[in-house]
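Working notes, structure below.
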Amino acid sequence: MGTFNISLGGGFILVGFSDWPALELIFFIHILIFYSITLFGNTAIIALSRTDLRLHTPMYFFLSHLSFLDLCFTTSTVPQLLINLHGQDRTISYGGCVAQVFIFLALGSTESVLLVVMAFDRYAAVCRPLHYTTIMHPVLCQALAIASWVGGFLNSLIQTGLMMAMPLCGHRLNHFFCEMPVFLKLVCEDTGGTEAKMFVARAVIVAVPTMLILGSYAQIARAVLKVKSVTARRKAAGTCGSHLLVVSLFYGSAIYTYLQPKDSYSESKGKFVALFYTIITPMLNPLIYTLRNKDMKGALWKVLGRATVTG
């Protein structure tokens, strides 16, 4: 097979779930429902975090950023998936594919860094409660949020730039969107150890944050065990447990997809794993934080109560 022409006229075919035509309608209905729930849930968290004064804290400031990321993250792939499931045109231009890879990696990398920042916030709240307001100053919170976005986009820029320099053979992507591991399956040859450099970039943005978060929660667990008050323990476990569950969902799927060798990556399995972290996880995050968090539930019931009275 010859080297694929990656000029502006080149393009790709997204196979998606065309291998299971009988399931496409079922996929379409369920994904549309999940996407609608994701939009509502994450938008609600952003709105509550901004309007309720009780939620004007570092924790909810970062949570609103996470919700905005999840909105962008799922919107970068799901609308195209719905179009592909509903219609016959499964093509995407080379420029559109590269843009999708860049945006998806940028948002995912930003979320990876932001989850570390949120773990640091929980560490400061539990392990340094007397100095929490001094440590998590609004200026520092803004700086950490900006650093998360800048770091995520820089990492994506490096990986996407390296990917574009590699020769491709073929134009058929066995996926429902342009994702890095599937893209690498089309690489004809690795010149100059580019794949190794890309793996290092992925490891930096996935493995390093994972280790930092595990270290933070080891310190948090040690501090919680020293607390004598049962109420204080439950409160710490509630706020930290929500974040830890989100972390497990995010990094579990990220490690499976991005840190395994190219030769052992299964495109068929990868599609279903991708459904999990592009649709299911962004949908579950608002539910996890609202159902396990008294402040967020209180703010939500307050808004619903006003709506009932007004109605």
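Quick reminder: no glycine exception, Cβ is built from N, Cα and C everywhere.
Residues annotated as topological domain 'Extracellular' in Swiss-Prot, with sequence analysis given as evidence: 1-25 (among others).
What Swiss-Prot records for Asn5 is N-linked glycosylation site, and it gives sequence analysis as the kind of evidence.
Long-range contacts of the transmembrane segment (26-46) within the same chain, counting only residues at least 6 positions beyond its ends with a Cβ under 8 Å from a Cβ of the stretch, are 17, 63-64, 67-68, 70-71, 74, 78, 81-82, 85-86, 275, 279-280, 282-283, 285-287, 289-290, 296, 300. Positions annotated as transmembrane segment by Swiss-Prot, on the basis of sequence analysis: 26-46 (among others).
According to Swiss-Prot, the feature topological domain 'Cytoplasmic' maps to 47-57 (among others), an assignment based on sequence analysis. Residue counts for the topological domain 'Cytoplasmic' (47-57) under DSSP, split into helix (H, G, I), strand (E, B) and coil, are 8 helix, 0 strand, 3 coil.
As annotated by Swiss-Prot, transmembrane segment applies to 58-78 (among others), with the evidence given as sequence analysis.
Among the features that Swiss-Prot reports, topological domain 'Extracellular' is placed at 79-99 (among others), with the record citing sequence analysis. Residue counts of the topological domain 'Extracellular' (79-99) by helix, strand and coil are 14 helix, 3 strand, 4 coil (DSSP-based).
There are 22 other Cβ atoms within 10 Å of the Cβ belonging to Cys97 (disulfide bond). Annotated disulfide bond per Swiss-Prot: Cys97-Cys188, in sequence order, evidence recorded as sequence analysis.
The transmembrane segment feature in Swiss-Prot is assigned to 100-120 (among others); the stated evidence is sequence analysis. Remote same-chain partners of the transmembrane segment (100-120), defined as residues 6 or more beyond its termini with a Cβ less than 8 Å from a stretch Cβ, comprise 59, 62-63, 65-66, 69-70, 72-73, 76-77, 80, 92, 144-145, 147-149, 151-153, 155-157, 159-160, 163, 177-180, 183, 205-206, 209, 212-213, 216-217, 243, 246-247, 250-251, 254.
According to DSSP, the topological domain 'Cytoplasmic' (121-133) comprises 12 helix, 0 strand, 1 coil. If you look up Swiss-Prot, you'll see 121-133 (among others) marked as topological domain 'Cytoplasmic'.
Outside the transmembrane segment (134-154) by six or more residues, the chain places 58, 61-62, 65, 106-114, 117, 120-121, 124-125, 128, 205 with a CB less than 8 A from a CB of the stretch. Annotation source Swiss-Prot lists transmembrane segment at 134-154 (among others).
Predicted-model confidence for the topological domain 'Extracellular' (155-197) is 86, expressed as mean pLDDT. Summarising the annotation, Swiss-Prot assigns topological domain 'Extracellular' to 155-197 (among others) and lists sequence analysis as the type of evidence.
Summarising the annotation, Swiss-Prot assigns transmembrane segment to 198-218 (among others) and lists sequence analysis as the type of evidence. Away from its own ends, the transmembrane segment (198-218) comes close to residues 109, 112-113, 115-116, 119-120, 122-123, 152, 155, 158-159, 162-163, 180, 184, 240, 244, 247, 251, 254-255, 258-259 of its chain (Cβ-Cβ under 8 Å, at least six residues beyond either end).
Under DSSP, the residues of the topological domain 'Cytoplasmic' (219-235) split into helix, strand and coil as follows: 14 helix, 0 strand, 3 coil. Marked as topological domain 'Cytoplasmic' by Swiss-Prot: 219-235 (among others).
What Swiss-Prot records for 236-256 (among others) is transmembrane segment.
Look at Swiss-Prot and you will find 257-270 (among others) tagged as topological domain 'Extracellular'. Break the topological domain 'Extracellular' (257-270) down by DSSP state and the numbers are 9 helix, 0 strand, 5 coil.
What Swiss-Prot records for 271-291 (among others) is transmembrane segment.
The secondary structure of Cys188 (disulfide bond), as reduced to three states from DSSP, is coil rather than helix or strand. Taking all protein chains in view, 14 other C-beta atoms sit within 10 angstroms of the C-beta of Cys188 (disulfide bond).
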